[in-house]
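Visitor: OK, TrEMBL features for this one:
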DOMAIN    61-192  domain 'C-type lectin'
DOMAIN    321-361  domain 'EGF-like'
DOMAIN    362-401  domain 'EGF-like'
DOMAIN    402-441  domain 'EGF-like'
DISULFID  C406-C416  disulfide bond
DOMAIN    442-480  domain 'EGF-like'
REGION    479-562  region 'Disordered'
COMPBIAS  481-494  compositional bias 'Low complexity'
TRANSMEM  570-594  transmembrane segment
Amino acid sequence: MCVPCRSHLCIWCLGQQQHRSCRSPPDQTKASMGIALFYLGQVLLWGVPSWASEEAEALCARTACYTIHWGKHNWTDAQEKCKSNGGNLVTMKSQEEALHVQDLLAKLPRREAGPEGQVRLWIGLHREKGKCYQQHQLLKGFSWASGGEETDYASWLREPRETCTGRRCVSLHWNPTAPGSSGLGWADGPCSGSPARAQGYLCKFSFQGMCRQLALAGPGSVTYTTPFGLDSASLAAVPFGSQAAVSCQGQAPGPFLVCRAQAGGGFEWSSPGPLCASPRYGCAYSNGGCQHRCLELAGGSFRCACHAGYLLGGDLLSCSPVDYCSAQPCQGQGECLGRPGGFECRCPAGYALAGDGVSCADVDECAGEPCQGGCVNTAGGFACTCPPGYEPAGPGGRRCRDVDECAQGAPCAQLCTNTPGSFLCACRPGYQRDSDGATCRDVDECLGEPCQERCVNQPGSYQCLCPPGWALAPNGASCLSGSSPTTPGSAAPSLRPPGEEEPAAGGGHPPGTHPATESPAPRSDPTIRAQPGGAEPSTLQPAGVSSAAGPGEPRMKPDADQATDGPKLLLYYILGSVVVILLLMAFALGLLIYRKRKAKKEKKKARSATDNYCWVLEQAEKKAVDNDYR
């Protein structure tokens with residue numbers, strides 16, 4: 001005897017075609033055999049589902065199905081049972097997934113609750129031995145059974161145990177009496193299957209998409225068999241690959257339909273409707289199974305129709321929005337957006353929708369003058385440019401900023417002055433700018449014969465020399481006889497040419513100028529005597545600065561050693577004279593003291609008797625004495 005099949009597409013009946021319950025109309029036999037062979041392959045490949053003897057509840061939404069399975073299992077066994085059927089213990093990475101699980105739990109009838117009236121179910125969250133508690137993370141160091149630790153959602157009832165020495169697993173605690181989501185939370189514990197830990201587990205199965213629930217045009221029932229081996233008659237969304245067994249009242253079992261993907265996208269049932277249709281009911285029973293409109297036809301028949309902007313599906317029951325963008329009506333960079341009854345083309349930034357409504361035209365942003373300098377329009381944008389000597393600055397590079405070429409190593413030999421958009425090379429006094437505008441060459445000041453006697457040109461300056469026995473006058477150019485030394489109060493000799501102003505005290509470079517890197521100037525020969533004169537021979541000559549030099553042209557202070565040679569020589573003369581005078585005075589003082597001491601010694605000698613007498617010289621002796629003294 002053939003037992004009517006309830007699951008796995010009546011595999012037992014494949015070889016029992018003589019039985020009434022296995023017979024199908026001629027036009028359905030081929031399709032039914034194909035579907036049966038499809039599921040026979042699944043059973044041979046995966047075997048009978050591991051929970052075939054367990055009670056299970058399911059909820060499918062969007063691209064995933066969630067199932068509850070009751071039974072005492074440890075966490076590892078529960079994960080293996082889910083994995084053997086193509087899934088994993090459930091993940092709750094978002095608030096949306098948590099709401100799906102909550103809706104599934106709300107469908108459950110009242111069951112025997114665990115301690116404190118709670119239902120406890122394993123979920124796919126665990127922490128292996130050796131991995132420690134992480135307080136700053138949402139998952140606290142736990143990871144999902146499907147892999148990864150990413151999540152936007154967490155619902156810990158309490159902080160997990162801070163241990164690294166043992167494996168920890170998470171169970172979902174649900175209080176049926178608590179309102180809303182307040183009765184849903186996570187708690188960690190040992191991964192064993194003790195009665196106090198979990199009464200079951202939650203699985204999650206992911207799919208490419210879903211078919212809608214079948215609507216019957218007459219009395220009957222539908223049983224869905226999912227790819228993960230669950231039979232249900234109450235799935236609102238049926239996962240891709242599921243089989244539907246239709247049983248119409250008063251008719252033989254069938255047809256058998258499969259949820260499959262369509263070439264143009266979406267998922268539909270393999271056989272068109274309406275199902276269980278009868279002239280007796282027409283459109284009166286469940287709208288004829290039509291999703292939108294049911295149209296009565298002659299003879300009690302009917303057909304389904306869709307609202308404007310929708311197309312009738314291949315099952316002749318469902319309606320889907322017309323995909324106006326499938327023909328790619330938008331041109332170029334345009335993006336097509338479907339709208340009820342039509343479409344809309346949208347252009348990216350930098351483009352505007354053209355008058356035809358389907359193409360995009362480039363917007364000339366430069367027309368609004370967004371740049372301080374120049375503006376170059378580009379496809380979908382623009383670029384700001386700056387003139388030479390300036391660089392882009394500010395937000396988006398729309399402003400221009402002067403470039404300090406002197407700070408960036410301008411090719412000036414001595415001095416550099418930054419100017420707006422450019423720079424100016426200059427030379428120190430005593431030099432003049434060469435033809436290339438950047439290098440400086442020495443000026444031979446001796447060609448103007450500034451000295452009375454001999455003139456020696458030096459880099460950036462000159463020195464006047466006098467013959468032996470002559471000294472340089474205070475004017476720095478004339479020579480004075482050696483018998484007329486410079487008085488101490490006279491002005492210190494200078495090394496600058498006559499008539500040139502003394503540089504300002506403090507030295508330094510004029511504001512706005514930059515000294516170029518160069519080797520130091522050679523020092524003056526200490527054997528050469530400086531000219532007295534009031535002005536120092538300069539290492540800078542105004543004629544050597546620039547042909548365009550003016551009052552503001554940068555000037556440099558002369559070399560300090562050259563500027564002090566004259567005063568040093570004068571000081572040496574004065575100090576030498578003072579030392580000689582002091583030595584003579586000391587010698588005279590010593591001689592005076594010596595004579596006084598000698599005189600005192602002579603007074604101490606005893607007087608003789610003849611001392612009281614007065615001796616009178618003879619005339620001849622007197623003349624001799626007079627001659628001697630004269």
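Glycine residues also receive a Cβ, built from the backbone N, Cα and C atoms like all the rest.
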Visitor: Please spell out the DSSP helix, strand and coil residue counts for the domain 'EGF-like' (442-480).
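Guide: Looking at the domain 'EGF-like' (442-480) with DSSP, the answer is 4 helix, 16 strand, 19 coil.
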Visitor: Please average pLDDT over the domain 'EGF-like' (402-441) for the predicted structure.
Guide: 90
Visitor: Using a 10 Å radius around its CB, how many other CB atoms surround C406 (disulfide bond)?
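Guide: Around C406 (disulfide bond), other Cβ atoms within 10 Å: 20.
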Visitor: Near C416 (disulfide bond), how many other Cβ atoms are within 10 Å of its Cβ?
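Guide: Its Cβ has 24 other Cβ atoms within 10 Å.
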